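Over in TrEMBL, the protein carries these features:
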type	residues	note
DOMAIN	59-429	domain 'Major facilitator superfamily (MFS) profile'
TRANSMEM	59-86	transmembrane segment
TRANSMEM	98-119	transmembrane segment
TRANSMEM	126-144	transmembrane segment
TRANSMEM	150-172	transmembrane segment
TRANSMEM	184-207	transmembrane segment
TRANSMEM	222-242	transmembrane segment
TRANSMEM	314-337	transmembrane segment
TRANSMEM	390-422	transmembrane segment
């Protein structure tokens, strides 16, 4: 009897231990599932962005930012078609054309310091919306300007607006995880190429039109309509950008933890198409939280001073030199190309004799237009070959704009930058 009782007790103990094992497994399983959907400990921003995932929101924000990059491309290079089309209306000499071409560059030079400081102090999205609205509005005003100084001022302010172009890369990159960040930022270049391709197409359709709207001192021609069309993308896509959230990194560096969580929740629900709760419940604040400066100009001065006195001053100077070398030849070619092509075309039309003894500088100098002779020599027609050649230049950029983002993770940004500089050096030889 005692043996039977002992065997029953052993069986019951085995049963209880077996039940406890299953119960323990269930608890661990529950904890695993819970940890998958709810993270109670604070996480850093990079980890939170990984949890947010990668999906439709990121493709939408790439489309918006890329479209604004294309709008900037159109805005900056549109003056290259406006100059030959409007030269008779403003009685422009070669000096006047050079000043008009350089006006937007001067605006970009001074605007970049202000837009950079605003992006760090007021917000990425705030700065981008303000800059793009400045660009769109002043381009719109330039379309109805009737005197040369007003046109110059409008292009100067337009350049001031597009100086915020670099903020797009920060804004977009701060939403994307580290795995896709380089690739996504490089895809922006493809949108710039689309802008370069789209511009001659718009110009080819609009500028050859011969309508004239005159009322007293007011004159509206095809180049004015072309300027109106070029101003619209900046205004339209600025409104769409306004509907998107602020950069989570900027919000967190300002100590706005709750606003950062709201931003990440917004992206998480968009990406996953769900109303489920965002798994992260708390974020770790960065080591350094930037405080807003009460004086805008004092903060701007300090930020410019720190740029060239901080530990990153050598990197900043090298980057500026590389940027200058990369863009100087590009803008020189794009901004002057329609004008130079027009002058070559006029030379071929007017001089039927042997042309092999004349160099490029002589051809360009033949068509300096003086104000007192404007009625005799001015010709504001743009040859069809000009549109075709600019279109070919834009399409030639497509292969590189696709190859770089596809292979940037494998070879790195420095590799492609080095290849670009090497190619430029070979072309100069």
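Cβ atoms here come from the backbone N, Cα and C positions, even for glycine.
The transmembrane segment (314-337) makes contact with the transmembrane segment (390-422), as judged by at least three Cβ pairs under 8 Å among residues 6 or more apart in sequence. In this chain, the transmembrane segment (222-242) lies apart from the transmembrane segment (98-119): fewer than three C-beta pairs between them fall below 8 angstroms, excluding pairs fewer than 6 positions apart. Among the listed stretches 59-86, 98-119, 126-144, the one sharing the most Cβ pairs under 8 Å with the transmembrane segment (150-172) is 98-119. When each of 98-119, 126-144, 184-207, 390-422 is checked for Cβ pairs under 8 Å to the transmembrane segment (59-86), 184-207 comes out on top. Outside the transmembrane segment (98-119) by six or more residues, the chain places 75-76, 79-80, 82-83, 92, 126-128, 130-131, 151-152, 155-164, 166-167, 170, 250, 299-300, 303-304, 331, 335-336 with a CB less than 8 A from a CB of the stretch. A Cβ distance under 8 Å defines the sequence-distant neighbours of the transmembrane segment (390-422), meaning residues of its chain 6+ beyond its ends; these are 80, 179, 182-184, 186-187, 189-190, 192-193, 196-197, 199-201, 204, 322, 325-326, 333-334, 337-338. Confidence annotation: the domain 'Major facilitator superfamily (MFS) profile' (59-429) carries a mean pLDDT of 85 in the model.
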